[in-house]
Structure formats: structure tokens, C-alpha cells
Amino acid sequence: MSAINISAIEAGQLWSFHGGIHPPERKQLSNQTPIQTLPLSKTFVVPVKQHSGNSGEILVAVGDDVRAGQPLTQPGLQRGLPVHAPTSGTVLAIDEQPIAHPSGLTDLTITLAADGQDAWYPTTPCPDYQQLSRAELLERIQAAGIAGLGGAGFPSAQKLALQRPLEYLIINGVECEPYITADDRLMREHAAEIISGTEILMQVSGCNKALIAIEENKPEAIAIFTQLLSERAATASRIALRQVPVKYPSGGEKQLIEILTGRQVPSRGLPIDVGLLMHNVGTAFAIHQAIVLGIPLIQRVVTVTGEQVDKPGNYWVRLGTPVADLLAYAGFHETTGKAAQRVIMGGPMMGFALANLQVPVVKITNCLLLPSTTELAPAQQEMNCIRCGACADVCPAQLLPQQLQWLAKAKDYDGLEQQNLFDCIECGACAYVCPSEIPLVHYYRKAKAEIRNIAREKAKAEIARERFEARQERLEREKQERLERHRQAAEARKAAQAEAVAAGADNPQDAVQAAIARAKARKAAQAAAAAKANDSAEGESS
Amino acid sequence: MSMLTAIIVLGVLALVFGLILGFAAVRFKVESDPIVDQIDAILPQTQCGQCGYPGCRPYAEAIANGDAINKCPPGGEATIKQLAELMGVEPQPLDAAHGTEDVKKVAVIREDECIGCTKCIQACPVDAILGAAKQMHTVIAHECTGCDLCVEPCPVDCIDMVPVPVRPENWQWNLEQIPVTVVESAK
């Protein structure tokens with residue numbers, strides 16, 4: 001089976017996944033111009049945590065001078081992913097600032113005042129990386145702070161550290177979400193570096209075959225890769241290009257795996273369970289930069305698009321640049337006018353509206369979308385589900401969105417887990433086709449957060465129970481010890497007395513006995529006197 | 001005669017099956033979780049005593065012996081629902097006599113006011129307060145269950161119960177509550 005499957009994959013066969021949608025792509029808005037470099041901002045706000053997982057330990061203090069590429073945090077005890085200074089300057093503050101999160105909440109950040117020099121911290125380039133061991137390469141990838149640039153931001157070194165038999169490394173250049181063209185432009189302009197990064201990834205993961213997947217709506221990128229691969233025969237035998245038909249969400253990890261290999265990643269499983277590993281083209285580029293040039297991840301390509309900006313396009317943005325600076329450069333004017341405007345971070349399908357424009361661009365920021373109200377209508381009034389089933393037809397994870405919605409509304413968390421809520425990739429296809437305008441994904445996100453919260457509470461309750469029981473045990477033990485101490489003290493007293501008596505001292509017991517004898521004698525005397533008095537009285541009366 | 005045969009045959013069959021069942025009952029005995037442990041696992045382990053028992057486990061024992069299931073304010077509606085399912089009774093609304101459902105809180109000692117009397121340390125059911133006699137005390141925030149028991153014994157009233165802060169990690173996706181800035185565009 002597997003051998004047949006591999007020969008089919010080698011032959012370039014493509015499979016398809018369930019569902020999917022074809023929303024208007026609108027990529028022409030931003031993919032016509034080369035990537036521009038955004039001028040340095042005056043201040044940078046670098047969140048300590050920009051990926052999924054633990055944050056590192058802070059290395060700098062307020063007032064320190066730092067240089068571009070200097071690590072601001074180190075992995076530390078929690079093995080967190082480091083972040084680096086985006087440019088040279090002075091640390092202004094280390095405090096809580098709003099971050100790019102749908103909640104608009106604050107998190108720990110390091111604020112830098114740029115000095116405009118952009119002086120670099122010494123880098124350690126290594127063009128002949130083939131000499132490096134796997135462990136050294138992983139260490140360098142980790143130290144460069146590389147997290148998956150496709151969206152979830154999972155630390156790349158951790159993903160590569162899993163050692164299991166691999167058949168294919170997949171480089172994801174699908175970029176299926178409408179409007180976003182950051183990966184498209186990167187592939188057109190830096191194809192050689194991406195191929196170099198792919199080779200490094202192949203060496204680290206110990207996999208000798210790679211597939212680069214690009215969606216058919218990016219003919220320029222496909223042409224460049226085809227040309228580069230045909231020029232290098234040695235590379236072309238190991239790296240193959242695959243053109244993927246246009247459909248949303250083909251770029252989802254599990255969906256792309258099914259398209260390219262016909263295999264399904266098991267529920268709650270990882271691609272490595274079916275012998276595959278996937279990285280984004282942006283990550284491959286960042287790994288090339290980190291290993292060959294020694295440059296840590298301090299900038300990324302961000303698409304700024306939508307009908308409300310003058311200069312839509314792609315920009316090299318240093319991480320930590322405030323969104324407002326990028327928007328001002330791209331020609332978005334915050335003035336009073338008639339049209340109310342949302343700023344969406346991410347694409348129209350999976351992005352979220354920003355609560356605050358001072359939030360920084362981080363490792364996972366791929367797009368800023370400023371649509372006009374005619375382009376992207378504001379959320380409509382939610383209506384009742386009419387059970388049309390359109391959502392189930394388009395769900396790429398083959399879930400039952402309407403069922404999940406009812407269970408989420410009823411807060412039936414066991415039911416949601418039975419319906420595999422956690423396989424939902426939150427692609428938004430169900431909400432896109434819903435005729436009743438139900439914000440389905442919102443219900444799932446809420447339910448997921450609630451389920452995670454319950455699990456956290458449960459773990460906490462378990463610890464509280466253990467501590468309570470340990471305390472009860474301790475109190476009981478202390479009580480027993482106290483009683484034991486009292487008993488021993490009493491015995492010691494008795495023994496000391498006995499010893500003293502034996503040594504010829506007055507026995508306190510004798511004194512007690514004497515007192516008792518005296519008391520008895522007195523009582524007897526009283527009784528005798530009373531009896532006598534009675535007798536005499538009786539004698540008189542009779 | 002045929003009647004006798006039937007009685008004998010059925011009697012022997014009954015004996016054989018009886019023996020098999022008896023053997024199976026001993027050999028394949030299912031060790032079930034005692035009901036008290038199951039109830040205790042549902043209770044929130046705040047150890048606050050608002051139910052009138054000194055801790056969650058004593059209350060679990062009381063429920064197993066037929067006490068009402070609606071005396072646990074920290075657990076709230078969700079706990080009552082689970083208990084009702086486990087005990088096979090109708091869910092009842094929370095008994096207000098024992099308190100009302102509240103947001104999760106954590107105790108914080110105003111440290112410069114603490115006189116080091118150790119009274120709160122003795123009151124804490126989960127040993128989440130650190131300190132010694134005549135030394136400043138402090139609460140280990142992530143071990144605190146928010147039970148409120150340390151507040152009353154404090155002679156200088158320096159313990160506050162503050163709601164657990166919302167972090168991006170434990171945020172509940174209440175999009176309606178976010179103050180999204182709607183900026184105006186020139187176009």
C-alpha cells in the first residue's frame with residue numbers, strides 16, 4: 001500500500017480533500033509590486049512571547065544599549081523561544097503593553113527606543129552548514145528564535161527535534177487565504193534562499209525528499225521555482241515542485257498533506273504520524289538566513305492590503321514595529337470621515353480585528369487588511385440555523401459544524417469532544433457559506449477556550465486536593481506526635497520520682513497516702529461522734 | 001416419568017449455570033471507584049467550607065450519605081449538573097444559604113501591613129501561605145484556591161481577595177466585550 005502510495009506521489013498524482021470553498025481571491029491588490037523595506041520606527045515594542053509555547057527569560061534591563069539581532073531573552077529553564085532586538089537602541093521599558101491578540105489584552109513586552117544607527121550585533125554566518133551536526137543546527141535554529149511563520153507560530157526547532165522516520169518534507173507555499181501575498185512575493189524574490197532553507201531543513205530532519213507546494217494562482221512563483229530546480233540537477237532529484245489547484249483552505253497543514261499524498265493525519269495527531277513534516281516557505285527562508293548568514297528572525301514580510309490603503313503591497317517589517325507606523329507608511333490615514341473602518345490582522349477568513357493600532361507586528365503577523373465596507377461587509381444579524389447543511393458540505397475537516405454549534409450553545413463539552421471539536425482548524429469556511437450569518441467559528445473558539453479552561457481548573461483542583469490531603473495528614477501526624485510527647489514526659493516524670501524514692505527521698509506518694517489516711521481518720525471520727533450524739537439523743541427522747 | 005426427567009435436567013442445568021455465574025462473579029469482579037471518590041473528583045477542591053463541612057472530601061462523604069448536592073458555590077451550576085448526573089437526581093438551583101457563585105479570586109496579603117501573626121497560615125487549607133512568626137507572610141498565588149478562609153482570622157485586615165486576572169492564555173473569547181477601536185478612514 002505504502003509503496004504504491006509512494007510511487008503515486010513520485011508520479012506527481014494529486015488527491016483532494018473534502019469540502020473547501022472558492023472565495024474571491026483579491027490577491028492582485030498587493031502582489032504587483034516588489035517587497036519594500038519599511039523605514040525604521042522610532043520605538044519598537046517586542047513582546048516576550050510571540051509564538052505558541054513558553055516565553056524565555058529576559059536578558060536585558062531598562063537603560064541597556066542593544067544592537068540589532070541581539071537576543072533579548074534566552075531559553076532559560078522553560079526552554080522558551082528567544083526574541084531579538086529588531087534594531088540598535090536603548091531599552092526604554094520592560095512592562096505590560098497591548099499585544100496583537102484578539103482579546104486586546106496586555107502582555108510582557110520590551111520597549112526599545114531606536115537610535116537610527118541600526119548597528120548589528122556580531123553574527124556567526126556558516127555557509128558550509130553541511131559540516132554542522134544535527135544538534136548544532138537545531139541549537140542555531142532555536143537560538144535564532146524561529147517559529148513557524150505560516151500562522152500558528154510553533155517553534156521550528158521543537159518541530160524538527162522529533163525523530164521519527166520521515167518520507168517527505170513538505171514546504172508550504174500555498175497561501176490559500178484571500179488577499180494575502182506575503183509568501184507569493186517572497187517566493188518570487190527569494191526562491192534561491194527558500195531552496196537553500198529547504199536543503200537545510202532536509203539535512204536537519206534527515207529526510208531526503210522534499211515537495212514544494214504552490215497554488216496554481218501564483219504562476220510567477222511557479223515559473224521561478226521550475227527554472228531554478230531545472231538548473232540544479234542535483235537538487236531537482238531531491239526536491240519536487242507541485243502545483244496545487246486553487247481552493248480554500250488548501251494551505252492548511254492536514255489539507256495540503258491530503259492533497260499531496262492522499263494520507264489523512266489522524267485526529268489529534270501530527271503529520272509526523274504519517275511520515276511527513278511541513279514547514280512554511282517563510283520559515284524555510286528564515287532558516288536559510290539564520291544558518292547561512294547567521295541573522296536571527298527580526299523581520300518578516302507583511303502584506304498590507306485592502307481598498308482603504310493608498311499603497312497596498314508587501315513590506316519587510318522589523319518585528320516590534322507598531323502597526324500604526326506600518327499603516328501610515330502604506331498610506332492609511334486615520335482621520336474623521338464617514339466610513340467606519342476595521343483593521344484586521346491576518347486574512348479575511350481567519351484574521352481578527354485589532355483593538356488598538358499601537359500593537360506591534362510579531363512573528364506570526366502575515367497580513368494587515370483594511371477593507372472598505374463594500375469589500376467586506378460588517379457582521380450581519382445572526383439568524384437561526386435552518387439546517388441546510390451547507391457548512392457540513394464545505395468543512396475541510398469533515399466535521400458537522402451545525403451539530404458543533406448547537407452543542408457549543410448548550411455548553412455540552414463532552415458532546416463537543418465526541419464530535420471532535422479539536423480537529424476544527426478554524427478556517428471559517430462554514431461561517432462563509434452560512435446563509436443565516438451565524439459566526440460559527442466564534443462559537444467553536446469560545447467552546448475550545450472553555451474546554452481548555454475546565455481542563456486547567458481540573459488540574460489545579462487535583463493539586464489543591466493533594467495539598468489539602470497532605471495538610472490533613474500533617475495535622476494528624478503533629479497531633480499524634482504531641483500526644484506521644486505528653487505521654488513520654490509523664491513517664492519520664494514517674495521514672496524520675498521512682499528513682500528519687502529509691503535514692504531515699506520522700507516518696508510524694510507517701511505524703512498522698514498519709515493525707516488520705518488522715519482524711520479517712522477524720523471522717524471516721526466525725527461519723528463516730530455523730531453516731532454517739534444520735535445515740536444520746538435517741539436515749540433522751542425515748 | 002417424562003416430567004421427572006424434565007425436572008432433573010432443568011435442575012442440573014440450573015446448578016451448572018449457578019456455579020458458572022458464581023465463579024464469574026468472584027473471578028471477574030469489577031473494582032469500581034467508591035462513590036465518595038467520584039463525588040470528590042467533581043467538587044472544585046476549594047476547601048472553603050461554605051457547604052458547612054470542613055473541606056471537599058467531608059462534603060463528598062455527606063453527599064454519598066444523602067445530603068443535598070446544591071451547597072457548593074465555588075463549583076456553581078456546572079458542578080451541580082455533574083453531581084446530579086452522577087447521583088441520578090434532578091439538578092437543583094444553588095442553595096443561596098451557602099453563598100452565591102462568584103468570579104474566581106485569589107488572596108493577596110498587603111505585605112507592609114502584615115505583622116507576622118501566622119493566623120492566616122493556620123487557616124489556609126492548602127498550605128498556600130508562606131511565612132513564620134513575626135516575619136512577613138505571602139500567598140503563593142498559583143496554589144491559592146480563593147477559599148476566603150484566611151481573611152477572617154487576620155487581626156489587621158491586610159488580606160484582600162482579588163479576582164484572578166484575565167491573561168491572553170486564559171481569555172474566553174468574549175468578543176462582544178472588546179473595545180475594538182473603529183478608526184475613521186479618509187477615503
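Placed from the backbone N, Cα and C atoms, the Cβ positions cover glycine too.
Taken from TrEMBL, the feature [4Fe-4S] cluster 1 binding site applies to B:Cys48, B:Cys51, B:Cys56, B:Cys72. Over all protein chains present, the Cβ of B:Cys48 ([4Fe-4S] cluster 1 binding site) has 20 other Cβ atoms lying within 10 Å.
The [4Fe-4S] cluster 2 binding site annotation in TrEMBL covers B:Cys114, B:Cys117, B:Cys120, B:Cys154. Around the Cβ of B:Cys114 ([4Fe-4S] cluster 2 binding site), the same chain contributes B:Gly131, B:Met136, B:His137, B:Val156, B:Cys158, each under 8 angstroms and 6 or more positions distant in sequence. Secondary structure at B:Cys114 ([4Fe-4S] cluster 2 binding site), as computed by DSSP, is coil.
The feature [4Fe-4S] cluster 3 binding site is assigned by TrEMBL to B:Cys124, B:Cys144, B:Cys147, B:Cys150. Long-range Cβ neighbours of B:Cys124 ([4Fe-4S] cluster 3 binding site) (same chain, at least 6 residues apart, Cβ-Cβ under 8 Å): B:Leu149, B:Cys150.
Within the domain '4Fe-4S' (B:31-89), the DSSP-based counts of helix, strand and coil residues read 29 helix, 0 strand, 30 coil. TrEMBL lists B:31-89 with the feature domain '4Fe-4S'.
As a summary of secondary structure, the domain '4Fe-4S ferredoxin-type' (B:105-134) carries 8 helix, 7 strand, 15 coil according to DSSP. Taken from TrEMBL, the feature domain '4Fe-4S ferredoxin-type' covers B:105-134 (among others).
As annotated by TrEMBL, domain '4Fe-4S ferredoxin-type' applies to B:135-164 (among others). Across the domain '4Fe-4S ferredoxin-type' (B:135-164), DSSP classifies residues as 3 helix, 7 strand, 20 coil.
The region 'Hydrophobic' feature in TrEMBL is assigned to B:1-25.
Listed by sequence, the residues of this chain that lie at least six past the ends of the domain '4Fe-4S ferredoxin-type' (B:105-134) yet keep a Cβ under 8 A from its Cβ atoms are 47-49, 55, 140-141, 143-156, 158-164.
Residues near B:Cys120 ([4Fe-4S] cluster 2 binding site) in space but far in sequence (CB under 8 A, at least 6 apart, same chain), listed by position: B:Ile109, B:Ile129, B:His137, B:Cys150, B:Pro153, B:Cys154, B:Ile159. For the domain '4Fe-4S ferredoxin-type' (B:135-164), same-chain residues at least 6 beyond its ends with a Cβ under 8 Å from one of its own Cβ atoms are 44-49, 74, 103-111, 113-129. Around B:Cys144 ([4Fe-4S] cluster 3 binding site), taking its Cβ as the centre, 22 other Cβ atoms fall within 10 Å, counting all chains. When the C-beta distance to chain A is held to under 8 angstroms, the binding-site residues B:Cys56, B:Cys117, B:Cys147, B:Cys154 reduce to B:Cys56, listed in sequence order. For B:Cys144 ([4Fe-4S] cluster 3 binding site), the nearest neighbour among the binding-site residues B:Cys56, B:Cys72, B:Cys117, judged by Cα separation, is B:Cys56.
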